[in-house]
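Chemist: My questions all concern the structure below.
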């Protein structure tokens, strides 16, 4: 089955990388005044059929399948034939400083079934990416998403593509919305709810760190979505980076969730995610993160000092877990010490978790979003329409920068 | 006539569940399924109800304060649904309430004080402009409750931040050295005092501290009414006041506006020894205030890239140096590069004056040492002269990682020394027992690493 889909998705997989790049180039030069060749048209239709097949089944891959070369995997490849015009932009799901995520469906569905199939399309404008000095982060994002596509709890990048002035990542749509929204509505989660979500996050971090050598670097409730079945999907890999065994130095993250070593710039690695995970569990149980102030510098001062105060009603196990994770000294931080993620999984706070069943999505989530259909967007907030005045991506810029985007 | 879409959805969800679970008792399974759906939908409904009740504007998810203000309060109506009641911490501790430092009043007090080092402020609230208005809202739970948690937590979505990408590999190649601007000893000590209470500077070692102070650049402000930083602008520099004085203004709109009222209201002033704009040392957040000179003044300025690069370069060099040293230790020869980098990260730097006995013959050894700078001599009881001399990069006491055998010799510093040290417990916490690490050793590799005074630890432990 997998190979059959692979063939549909990769009609060009026998071509060399160089040939593919040059065809992308041609595409840019003359996309408006040239009819697609028959072959390309056919390839596009094949590609779209492949997308529909994935959307239909959405079966997570096994770790071994995920590790396959992105160009030989059912999802996560760079497509030379897809274009923005292939999709109808239905509604904005979220915005960032240089990206906008849209709910999309195929603009010319072949049948009624396909009309119901939707995706999230993340559009990044090259001009903004360059102006905000995020080129490296965007490349990291695409490459990490390609490498991890198919994981049960990470947003699946089905394909990526680009045109003259934008970069596109086609992602699976998570109709449940952000854990952030549920948490703010509920103010705080009870222990079983927190344990369930925390446990799925542990599986994500275990996979990213120990299998992929990737530090995620922006864990927070805003970046965790709930899918139609009530399971989590981690999104926004803008700061994710393959670090392997080398430390890295660029400061990034979200103020309340930054680890002390990031603030002090002494070099950081995957251990920052375990720190942030401790903050996350605290925020689940308490409703707000442990370090906070109006003045961000005061937050950082508290973080570097690292004294977490717990409400008295918090269970001793939860306190012990959070204390272990939010340890300033990385050589004593749970998750980073001997055993890695396994040591976190063995913590008494997780004693009720069946890790194997959890990975296979056999454990029922505490919140199953109530939806009218797969394209229901009630769990997403409304966003301002896109501003009309856009800085153009000039030919000079394209000559200077397009090389950096060639993986898209 | 087609079936309602809600119905079709429920049925197809049920179909998926049936396929997945293959139940024996189909009817019971279906009944359970619908009961669960009802339960989950109802829980969701209750959550949103409760939220709407407690929030005046209904769409309260975007509200900036908790409806009941203190999340640790125990108002009974709220402890329902998916929520969990948490009570206020009983024991009283000495940590000041984070609420107490909520911005305008305290920042004003601080900025008005002219005590060196105390007149600092960050970029104020670096959050979006609307977040600022709420700091004036009184906490609902008595302000006298010194240990209450911040009651005005910003409940909005939080924006990610990032600084310029810093890459140590390239800096190692281009031989970057921080800019150096000479200063008089008096200026030096004034600057040291000015940053003494700033946590970004208190963690620096002597060398980093000297580099950072050296990189501060003098910036004369020729007259009054110069806007050194403008609210809403991108921040790149941190400033320390050498002489003169400055007023601080905040416009509620979040940025400096044109016109006579554009500055907003004055929230404080800053004089010699004070500093401002330190958030710019972290990342380029918009400035939270406008700072205007009130007379001819002098500032010292430091930019973010220089500051963070000084920190990065010294951390990077230190790590590589430690990894290099560790590679020379036969006992640890089988560590993978990843493990070595973890151990390097865990090594703790200690300084001893000349003549310190770092380890003492006969004591039970607990830590392992690498000599990072300086020199030391090795003595054995009954021998007059030193039996060995250690220089930079030499290591000693490594058998302590392996067993509790008494130290076989004493090591005494002959100059001031800097050592990097790691205890047995620290090692085991990271990688488990050394014996386990050594067991994966290829004996022939061990022999190749063996040198003069090292004992083959495998031979010894068996």
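Don't overthink the numbers, they just go from 1 along the chain as shown.
Even glycines carry a Cβ here, placed using N, Cα and C.
Annotated region 'Disordered' per TrEMBL: B:47-189, B:441-462, in sequence order. Feature annotation from TrEMBL assigns compositional bias 'Polar residues' to B:66-77, B:94-104, B:148-176. Annotation source TrEMBL lists domain 'Cyclic nucleotide-binding' at B:200-328, B:331-441. Per TrEMBL, the feature 3',5'-cyclic AMP 1 binding site maps to B:278, B:287. According to TrEMBL, the 3',5'-cyclic AMP 2 binding site annotation covers B:398, B:407. The compositional bias 'Basic and acidic residues' annotation in TrEMBL covers B:441-452.
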Chemist: May I ask for the distance between residue B:407 (3',5'-cyclic AMP 2 binding site) and residue B:287 (3',5'-cyclic AMP 1 binding site), taken between their Cα atoms and rounded to an integer number of Å?
Modeler: 57
Chemist: Could you measure between residue B:278 (3',5'-cyclic AMP 1 binding site) and residue B:398 (3',5'-cyclic AMP 2 binding site) for me? Cα positions, answer in whole angstrom.
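Modeler: Just about 43 Å between their Cα atoms.
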Chemist: On the 0 to 100 pLDDT scale, where does the domain 'Cyclic nucleotide-binding' (B:331-441) sit on average?
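Modeler: For the domain 'Cyclic nucleotide-binding' (B:331-441), the model's average pLDDT rounds to 90.
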Chemist: According to DSSP, collapsed to three classes, what secondary structure does residue B:407 (3',5'-cyclic AMP 2 binding site) have?
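Modeler: DSSP assigns residue B:407 (3',5'-cyclic AMP 2 binding site) to coil.
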Chemist: Round to a whole number and give the Cα-to-Cα distance in Å for the pair residue B:287 (3',5'-cyclic AMP 1 binding site) and residue B:398 (3',5'-cyclic AMP 2 binding site).
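Modeler: It is 51 Å, counting Cα to Cα.
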Chemist: Which of B:278, B:287, B:398, B:407 (binding-site residues) reach within a Cβ distance of under 8 Å of chain A?
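Modeler: The binding-site residues close to chain A are B:278.
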Chemist: Would you please pick out, from the binding-site residues B:278, B:398, the one with the fewest other Cβ atoms within 10 Å of its Cβ?
Modeler: B:398
Chemist: Taking each of the binding-site residues B:287, B:407 in turn and counting other Cβ atoms within 10 Å of its Cβ, which one has the fewest?
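Modeler: Comparing Cβ neighbour counts within 10 Å for the binding-site residues B:287, B:407 gives B:407.
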Chemist: Does DSSP put residue B:287 (3',5'-cyclic AMP 1 binding site) in a helix, in a strand, or in coil?
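Modeler: The residue in question, residue B:287 (3',5'-cyclic AMP 1 binding site), is coil (DSSP, three-state).
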